[in-house]
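Student: So that we are looking at the same thing, I have put the structure below in structure tokens.
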């Protein structure tokens, strides 16, 4: 009677972490909670205590930086980080290009119809906003105050992701950290590009009609393009016959056209004024949020991608908390009229779907286990035969082949690895300091209202 085959070991589930990380498994969650909590506490402390907050926050980041620097020499996957660096840089370049296109497009949809349109066009009916107002009348005041509280903002989600990426140093997540960062940046670039196409397709009125007048110095009248293709239809239904017959726009004052050289093609898109149109570069640097509704919410896209990364790479109670914070951010976006409900709903499911689709860039599943199992399948019969023959040398050789199948190739000197790790830590800490001091990214990643 043939003997039953030996049971093969099953690969561990993606969210399980190694035993070496067991001691620090909960530390990442506590560090994340401490970062958000310390930053939030400042809003509730009396001014006399603010100086202590100003010391506590740098102390927290200093402790995290020292822990990362102390751990870096013992990290075993710097080779994988170096191999992931080109993908990360390419994803970063793609994301910056997407943000540049978005900044130009946001300015266009916010100014093309002129200030009169923003003043006179009523916001769209939003049942989500109605529901939140109705709940304010039904819920206890303490719950309403909690829903209104600005617990977390955009730069918090970005810093939470940076903490997640650096946790690979402590084996809290599967490395390389630059692998998950490349996936995050690439998914962000795709999401922001899709968003730009979406809000360019149809211009929606803002939920804050006063936004454009407070933010921009633009003419009251529409752009000549809108004068020709939109204004006649909007102001007089019978004017469509005259537009078809004469094919001429209404007479409005001439548009200001600064001399931008080779970038003059942007004048018709960005519609600068005398006060702000001397340089296209400085004009784009000042690009701010839009004043038409931008479908879908960029803020919520960042929040959802951060939550998806934490859920897949780390899991645990802190991921559940982050998802609750995402929902809290969504209702605040609607409550404060930064977005309509549809913008937040679409951003949530688009973010989830995009993250699932980009799993080919980085996966929480350890592929080395799959390679070991595949190699084990190949040498299984030889291993059984060597065991029957009591050939220990053959068994050791076969097991060594299986182990080598799961290991990553080496190819970088210690000097290169040391320089790379130092540069990564210094760059990230500089980025964090700039983001925290301004309360948001210098390039104004949030292109919403």
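Note: Cβ is positioned from N, Cα and C throughout, glycine not excepted.
As the structure is a computational prediction, the values presented were derived from the model and not from experiment.
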Student: Please find, within the list 20-38, 39-57, the residue stretch that TrEMBL describes as transmembrane segment.
Tutor: 20-38
Student: Under TrEMBL, the annotation transmembrane segment belongs to which of these stretches: 249-274, 275-300, 301-326?
Tutor: 301-326
Student: Transmembrane segment per TrEMBL sits at which of 134-153, 154-173, 174-193?
Tutor: 154-173
Student: Match it up for me: which of 88-109, 110-131 does TrEMBL list as transmembrane segment?
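Tutor: So the range that TrEMBL calls transmembrane segment is 88-109.
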Student: Quick one: average pLDDT across the domain 'Sphingomyelin synthase-like' (290-357), no decimals.
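Tutor: Looking only at the domain 'Sphingomyelin synthase-like' (290-357), pLDDT averages out to 92.
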